[in-house]
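This report concerns only the one structure given below.
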Amino acid sequence: MENTKDLTEHSSRPERKRRDSFGMFDGYDSCSEDTSSSSSSEESEEEVAPLPSNLPIIKNNGQVYTYPDGKSGMATCEMCGMVGVRDAFYSKTKRFCSVSCSRSYSSNSKKASILARLQVTGKPPTKKAKVLQKQPLVAKLAAYAQYQATLQNQAKTKAAAVSMEGFSWGNYINSNSFIAAPVTCFKHAPMGTCWGDISENVRIEVPNTDCSLPTKVFWIAGIVKLAGYNALLRYEGFENDSGLDFWCNICGSDIHPVGWCAASGKPLVPPRTIQHKYTNWKAFLVKRLTGAKTLPPDFSQKVSESMQYPFKTCMRVEVVDKRHLCRTRVAVVESVIGGRLRLVYEESEDRTDDFWCHMHSPLIHHIGWSRSIGHRFKRSDITKKQDGHFDTPPHLFAKVKEVDQSGEWFKEGMKLEAIDPLNLSTICVATIRKVLADGFLMIGIDGSEAADGSDWFCYHATSPSIFPVGFCEINMIELTPPRGYTKLPFKWFDYLRETGSIAAPVKLFNKDVPNHGFRVGMKLEAVDLMEPRLICVATVTRIIHRLLRIHFDGWEEEYDQWVDCESPDLYPVGWCQLTGYQLQPPASQSSRESQSGSSKQKKKAKSQQYKGHKKMTTLQLKEELLDGEDYNFLQGASDQESNGSANFYIKQEP
């Protein structure tokens with residue numbers, strides 16, 4: 001970050017119209033803006049001859065639409081020609097589909113309106129306006145039925161807390177006084193390691209939207225509030241007036257440090273609303289900006305560099321087999337979005353058998369990894385690489401922490417606690433089933449393992465998803481006992497004695513806890529690890545050392561997930577907007593009921609197909625088991641292999 005320059009050195013003005021060091025027009029008061037208001041569409045509306053009062057009608061563009069039951073139905077926009085539900089149209093007369101069309105119509109002639117429609121559709125507007133009139137009675141009845149359904153959906157939408165299409169992080173945060181996790185909490189995200197001291201009161205140059213000049217102009221704004229990548233901005237000169245405050249992504253292409261306009265030859269023009277407040281805007285800026293902070297001059301370059309990803313399409317990797325957790329398969333990178341990979345299994349002929357994960361996920365490895373550590377691997381039926389496909393260089397994958405297995409180490413049969421990858425809201429009683437090379441372990445959940453071990457899963461010894469016996473009790477987390485275990489409440493001492501097993505030594509677990517910066521209540525964007533193509537609005541609801549409890553806004557707690565603080569599946573607010581990924585807004589009440597119902601039915605079907613039984617959890621019967629066709633195996637662990645908790649103990653009982 002750098003301070004803005006003292007502006008007093010730029011006081012000379014040899015030419016009145018020349019822009020000064022801020023890029024401001026010296027003779028701004030001569031740059032008049034058109035403030036005349038055009039007549040409204042209602043005032044210019046032509047009167048239509050009255051029709052019999054007993055005949056319900058819709059008047060649009062000279063066309064009259066009626067329905068047999070006497071109820072109004074559809075309307076046609078006079079500006080763009082769009083046909084839609086009449087009640088959803090703008091204004092009392094329902095002549096326009098939106099505010100923008102109404103304003104465009106009032107500021108343009110009828111000829112311009114017709115020309116615009118011709119350019120968009122390539123057809124005269126009268127043809128489109130007559131579409132419904134030419135339809136037979138059955139089609140009209142169908143349209144009316146759809147209209148009634150639309151009204152019902154609109155009623156549900158109004159009752160919903162947040163609209164699916166209209167979600168805005170800024171409005172969501174402002175209306176609820178939420179706090180977002182800072183960008184520095186996400187080391188794997190763009191600018192996560194070089195965010196610097198960007199904070200409130202930092203000044204930047206942004207487009208001036210309160211201006212009617214024909215060219216794009218800029219003005220200086222200050223950061224009022226930060227929420228991840230998003231910033232609430234206020235134009236300089238508005239003081240305590242928040243009337244024109246607006247949210248924008250600080251990493252956007254139109255955001256620049258103070259001084260950029262002068263260097264780029266772009267004009268600085270004060271907003272029209274406050275244009276009258278000062279006669280000497282240059283003196284005002286000198287006073288306000290002296291000693292203020294702005295973005296580093298290379299900020300946009302750093303943003304661009306941090307969004308360059310080494311993984312490319314057609315690269316081959318080994319990834320967990322979502323049909324059999326205990327093995328890996330070869331997959332090919334189909335696309336890369338913000339460091340997230342869409343992997344298609346190599347044997348998928350129609351390229352629909354895919355798997356989503358981050359490039360730093362612990363679930364992907366270089367070709368040959370499975371053989372090198374003794375992990376099960378499904379050989380591909382494809383004996384020859386497809387043209388253009390090539391193996392990903394090993395150095396691109398996340399590195400795990402080196403461990404010494406020569407001394408005291410994990411052994412088969414040892415007990416521990418682990419996040420269940422099939423139900424990430426629970427931590428379960430687990431057993432080490434196999435010790436692999438390089439510190440990797442195959443683990444099974446007690447009481448619900450398949451006879452052939454096909455649901456064992458691989459965690460590294462330093463994984464943040466495994467814990468020593470007693471972790472849940474010490475940290476007041478409810479531990480999920482083995483399925484069918486009836487001696488409740490569950491006690492480790494009794495269970496170890498009954499099973500004749502021993503607990504994995506506490507010292508073998510990595511107990512490093514980074515200063516991650518997360519706080520309870522912080523908002524973020526998080527991958528739904530049970531449906532990894534989805535990134536949702538989420539909240540940190542609990543923090544246990546480095547372990548975070550992630551809640552998906554609008555959904556029940558049973559869908560919460562335990563995730564490591566350094567997981568690459570967590571992102572700052574605004575990440576989806578920055579990378580072009582689709583964000584799933586908070587679920588409304590109606591969508592929760594419909595989606596959770598279908599989700600539970602699907603999960604139940606998966607359970608019956610794969611194992612034919614359910615595993616009891618503390619809140620519900622666990623139904624998220626394996627499906628041979630479309631189950632997605634995911635784990636909440638981070639690829640960052642510095643894990644554990646600072647308080648790992650077990651109570652010794654006689």
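Quick reminder: no glycine exception, Cβ is built from N, Cα and C everywhere.
Noted in TrEMBL for the protein shown:
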type     : residues : note
COMPBIAS : 1-21     : compositional bias 'Basic and acidic residues'
COMPBIAS : 588-599  : compositional bias 'Low complexity'
COMPBIAS : 600-616  : compositional bias 'Basic residues'
COMPBIAS : 635-646  : compositional bias 'Polar residues'
DOMAIN   : 68-103   : domain 'FCS-type'
REGION   : 1-55     : region 'Disordered'
REGION   : 586-617  : region 'Disordered'
REGION   : 632-654  : region 'Disordered'
REPEAT   : 167-271  : repeat 'MBT'
REPEAT   : 279-375  : repeat 'MBT'
REPEAT   : 377-482  : repeat 'MBT'
REPEAT   : 490-586  : repeat 'MBT'
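Between the repeat 'MBT' (167-271) and the repeat 'MBT' (490-586), three or more CB pairs separated by 6 or more residues in sequence fall under 8 Å, so the two stretches touch. Note on the repeat 'MBT' (167-271): DSSP counts are 16 helix, 30 strand, 59 coil. Here the domain 'FCS-type' (68-103) has a mean pLDDT of 63 out of 100. Each residue in the repeat 'MBT' (377-482) gets a DSSP state, and the totals come to 10 helix, 31 strand, 65 coil.
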